[in-house]
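As written in Swiss-Prot, here are the features:
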- ASN157: N-linked glycosylation site (CARBOHYD)
- ASN244: N-linked glycosylation site (CARBOHYD)
- ASN317: N-linked glycosylation site (CARBOHYD)
- ASN322: N-linked glycosylation site (CARBOHYD)
- 324-381: domain 'VWFC' (DOMAIN)
- 387-437: domain 'TSP type-1 1' (DOMAIN)
- CYS403-CYS436: disulfide bond (DISULFID)
- CYS459-CYS497: disulfide bond (DISULFID)
- ASN463: N-linked glycosylation site (CARBOHYD)
- CYS516-CYS554: disulfide bond (DISULFID)
- CYS564-CYS580: disulfide bond (DISULFID)
- CYS583-CYS594: disulfide bond (DISULFID)
- ASN590: N-linked glycosylation site (CARBOHYD)
- CYS600-CYS616: disulfide bond (DISULFID)
- CYS658-CYS671: disulfide bond (DISULFID)
- CYS665-CYS684: disulfide bond (DISULFID)
- CYS713-CYS721: disulfide bond (DISULFID)
- ASN716: N-linked glycosylation site (CARBOHYD)
- 735-770: repeat 'TSP type-3 2' (REPEAT)
- 746-759: compositional bias 'Acidic residues' (COMPBIAS)
- CYS844-CYS864: disulfide bond (DISULFID)
- 853-872: compositional bias 'Acidic residues' (COMPBIAS)
- CYS882-CYS902: disulfide bond (DISULFID)
- 902-911: compositional bias 'Acidic residues' (COMPBIAS)
- CYS918-CYS938: disulfide bond (DISULFID)
- 966-1178: domain 'TSP C-terminal' (DOMAIN)
- ASN1075: N-linked glycosylation site (CARBOHYD)
Amino acid sequence: MLQRSRLLWLAVFITLWVSSDAQDDAKEEENTFDLLQISNINRKTIGAKLFRGPDPAIPAYRFIRFDHIPPFKPEKLKKIVKLIRQNEGFILSATLRQDRQSRGTILALEGPGISERQFEIISNGRANTLDLIYWVDGFQNVISLEDVDLADSQWKNLTVQVTGENYNLYVGCDLIDSFILEEPFYEQLKAENSRMYVAKGSIRENHFRGLLQNIHLIFDTSIEDVLRKKGCQRSQSTEVNTINESTEILHLSPAVTTEYVGEKTEKKAEFCDRSCEELGTMFTELTGLRIVVNNLADNLQKVSEENQIMWELIGPNKTLKNQSVCWQDGRVFADSESWIVDSCTKCTCQDSKIVCHQITCPPVSCADPSFIEGECCPVCSHSDDSEEGWSPWSDWTKCSVTCGSGTQMRGRSCDVTRSACTGPHIQTRMCSFKKCDHRIRQDGGWSHWSPWSSCSVTCGVGNITRIRLCNSPIPQMGGKNCVGNGRETEKCEKAPCPVNGQWGPWSPWSACTVTCGGGIRERSRLCNSPEPQYGGKPCVGDTKQHDMCNKRDCPIDGCLSNPCFPGAECNSYPDGSWSCGPCPAGFLGNGTVCEDLDECIAVSDVCFKVNQVHRCVNTNPGFHCLPCPPRYKGSQPYGVGLEVAKTEKQVCEPENPCKDKTHSCHKSAECIYLGHFSDPMYKCECRTGYAGDGRICGEDSDLDGWPNNNLVCAANATYHCVKDNCPLLPNSGQEDFDKDGKGDACDEDDDNDGVEDDKDNCPLLFNPRQFDYDKDEVGDRCDNCPYVHNPAQIDTDNNGEGDSCAVDIDGDDIFNERDNCPYVYNTDQSDTDGDGVGDQCDNCPLMHNPDQTDADNDLVGDQCDNNEDIDEDGHQNNQDNCPYIPNANQADHDKDGKGDACDPDDDNDGIPDDRDNCRLRYNPEQEDSDGDGRGDICKDDFDDDNVPDIFDVCPENNAISETDFRKFQMVPLDPKGTAQIDPNWVIRHQGKELVQTANSDPGIAVGYDEFSSVDFSGTFYVNTDRDDDYAGFVFGYQSSSRFYVLMWKQVTQTYWEDKPTRAYGYSGVSLKVVNSTTGTGEHLRNALWHTGNTPGQVRTLWHDPKNIGWKDYTAYRWHLIHRPKTGLIKVLVYEGKQVMVDSGPIYDTTFAGGRLGLFVFSQEMVYFSDLKYECRDA
């Protein structure tokens, strides 16, 4: 029985222990909130990227799309706000790695309105503070903890305590800074129609930049317990001697009461303070106790048996036979009778057995109790002294604050061996110092303007003044002064002041009334400097003055016989002689005899010339110019004499409707001047973000040149006016195989055969049965070699038969095994160097090199590649048709071996280029029927490529007529790299759109057209949310070691291969010049990834200081301007209709032109759409 009792007590003890532990766990779970979990943030959340943090079992997140961050669940938010009010605050625990010197919101509560915020916690890396911002009665309050060192790109474990009056920050186990709150802002928090977020700021600049992990809100737990759970150890002595700035009371034994003068606080939750070792010792002691109890039970049983034997020996009293009585000390006691053996033992007779027990005394509450004779228990004498047992009070502690209201404490101890010590052991009182300076840094603000002052004059024009002061508010704590002037002055007008009249200057003397013999001359003046006004006095004096003139005697006049040429001045002398002055304007001679002057010959450039032909007409006398030629505008001067001819020359300017604003382009279109020789002289192109024929433009969301809605364009419109069949995905070719109105780019089943494109082995041909004989993942119905494995489907001669199964790949009627250029059409099979490779496809046609190696990918074999290029135009000297003049395009229209750039007669028609009205077409007759300066033979097609100039992307180069990347050279920049695969390019829109589908090593798809000055534009779009790396384009490509590249990174990242050099890639647009000494390989690969300069590899010309990365599923449009002659490079990037990136003018003359191409590095599903390049060599 005793054994069962012991086991029962042990089971009760274990049950209470486990139950207490479970309650603690439930309480912790109820009062601790995982903010990422209640926000439903996981790996599927858009814009949330998974990373590995310090705790490998829990994911860390970086947010790049803050508009997709979900708020807390409403029911959880209501509970959190309720707990904040109950606990008078909260504790925030988080593990984070914040980007260096960034400013980011960690936690924010916004609402009930759309733009209202109730409070937020912001880590300000620029100011190195942790800011608590809250709003009370519409006013913003900012409290900053300083020198926190959070935004340094290092992992930090922080604990933020906002409880009562405390605002404290712990990093790890260290208290960094603290502040006393003056307002209980948490009492005004509202959950209704509100939203709480992590990482999301009120504006774009306040979003959190970095990684977050293990972010929790904790309630009903002291800051000491939170830190203890994080492994922070605090010694007992330290805890006892620490006085908290809050009004919490130290927890002592329940036997001692505490008196507190200040505000009451709720009792904090207690936790088990026994270690596992202590509990083990307790079980050992319980086992020993069980042994002792068993021994006592055995001894008691022996005593009972001995008593029974004694009872039988003595025997009962004869008179008490058949009665239940008890014997003790010779006395007989009846059944149920009780008696006191001594003062502290009481016995009772029960069924002839004596049962005794000791009297239990209640505890006394005094130090000196007294005993009354005959009584077992001591008693206290009554005393009214409440100080009994207490030590004297200690001195008051220092005030808890240095300004404002605080508290002081004092204590005393109790001698518990002498007294129960009624009353408190700690007392608290208020203390007050000078008022705290709660000022914060604030910028100055202007007061209202004062009234205008009175006018500074009583008549006429004066000034009035008003002032304002920089005192609303006054700048303080380093705040900025007010911007602007504190004084304004304006004119004021009163009645005009009287103006007295003043004489003006005398006029010249008039001609004398006679030339000799005495005459009269006069002069006059006016009272107009100024005239008398507004009651002023008139001028005093005469208005006219007379004088005698020509008083000499009259001579004999020799000019009366008109001896001089008409118009020449005749001078007569007193002796009767005469002389003639110079010939009149327009004549040459001695004054007596004059001849006509031919101004057209004397001033050869007096009139406008067309093709060096003079358009001046000489008259007698004088000259005049013919009207400006057709499509020119300007003056038609005429006159007489050299002075007029020299000063009034004819200027004829080509008509330019774009400049004159006489064009008919849409307001959202750009007028592009084509030249006065073109008909029409201009064309209209819709601006970025719009599409149409230029006369009419509509919205174009995906920037692929097709409008969102149908446009009513002109009847002869040839450009995009039809509604975009994929309005949200760039597809400039508008391919629609099944004609269902939905473009192939966004149609999940292009051929309507019931098999989605990503699973269809013939996505553009109806084949529901999906037969594939050769297992090359190309269906038999669309396989150009159905019985030969050829997944690439290359068909060089475009005859429908793939190269893998064709006996004549290039279609030149020479079988492959006998064709020395199997992939190039060459019927003559010429092979000058006899290396077995035909001249048409030989990269060294004059030097034996059967292996055809080309290490630098410049289309010149290594055997004959000397890389000597004095003019830096990408063509080595012995292959350059102008070795000393840069001409990357190598244009040579008369095929004489001398490039146009250094050929004085490009068409070899005997007319020098500067006088040839068709510089690129043979026309020795120079016929020009309309006299506009452009020869008839090249009127609308200057380069004779059968493409009208208005549609020709290079109207002065017959080798290039349209944008076309259908044929390109694939250049792997890390050909031996094993980290990823090579790029995979898909061609669309007749080479005006390319899609790169693979997550690849760095590579270029470079076209074969070559350019000097060029404009290059295209639409950039990433059709996936996977990865965040580089894409862009190249220009001035001369080899895989020499080119310019514009590359765009989504997020900042260190390259995963840190050999041979460590590479840091920053988000944003970078413009780089590659001039590698090693060529393709891992050195160039890491240098391209790195944002900065790598000696001997890459030099960064410009990086966008805003570090804006591209976004998934967003269309961008780039525009490049490159002028190698001056070194000008300029790049614009549009997002929608707005310019997002503008490099401004950058100058670099490393390379004088080259080829264009597209670039990718570790980024898949990149769309390059609506590509367009135009020559700008003119």
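Glycine is no exception: its Cβ is also placed from the backbone N, Cα and C atoms.
Nearest neighbour of CYS497 (disulfide bond) by Cα distance, taken over the disulfide-bonded residues CYS403, CYS436, CYS594, CYS671, CYS938: CYS671. Between the disulfide-bonded residues CYS459, CYS564, CYS665, CYS713, the minimum number of other C-beta atoms within 10 Å of a residue's C-beta occurs at CYS459. Other Cβ atoms within 10 Å of the Cβ of CYS671 (disulfide bond), summed over all protein chains shown, number 20. Within the set of disulfide-bonded residues CYS594, CYS684, CYS844, CYS864, the entry lying nearest in space to CYS580 (disulfide bond) is CYS594 (CA atoms). Comparing Cα positions, CYS918 (disulfide bond) lies closest to CYS684 out of the disulfide-bonded residues CYS459, CYS684, CYS844. Counting only same-chain residues six or more apart in sequence, the Cβ atoms lying under 8 angstroms from the Cβ of ASN590 (N-linked glycosylation site) belong to CYS580, CYS583.
According to DSSP, CYS436 (disulfide bond) sits in a coil region rather than a helix or strand. Nearest neighbour of ASN463 (N-linked glycosylation site) by Cα distance, taken over the disulfide-bonded residues CYS403, CYS600, CYS616, CYS665, CYS844: CYS665. Straight-line distance linking the Cα atoms of CYS844 (disulfide bond) and CYS436 (disulfide bond), rounded to a whole number, equals 87 Å. The shortest Cα-Cα distance from CYS564 (disulfide bond) to any of the disulfide-bonded residues (CYS459, CYS554, CYS594, CYS665, CYS902) is found for CYS594.
Nearest Cα neighbour of ASN157 (N-linked glycosylation site) among the listed recorded positions (CYS721, CYS882, ASN1075): ASN1075. Residue pair CYS882 (disulfide bond) / CYS864 (disulfide bond) shows a Cα separation of 19 Å.
Secondary structure at CYS580 (disulfide bond), taken from DSSP and collapsed to helix, strand or coil, is strand. Checking each of the disulfide-bonded residues CYS459, CYS658, CYS671, CYS713 against CYS554 (disulfide bond) by C-alpha distance, the shortest gap belongs to CYS459. The closest partner of CYS713 (disulfide bond) among the recorded positions, by CA position, is CYS665; the full candidate set was CYS516, CYS658, CYS665, ASN1075.
When the Cα atoms are compared, CYS902 (disulfide bond) and CYS658 (disulfide bond) turn out to be 33 Å apart.
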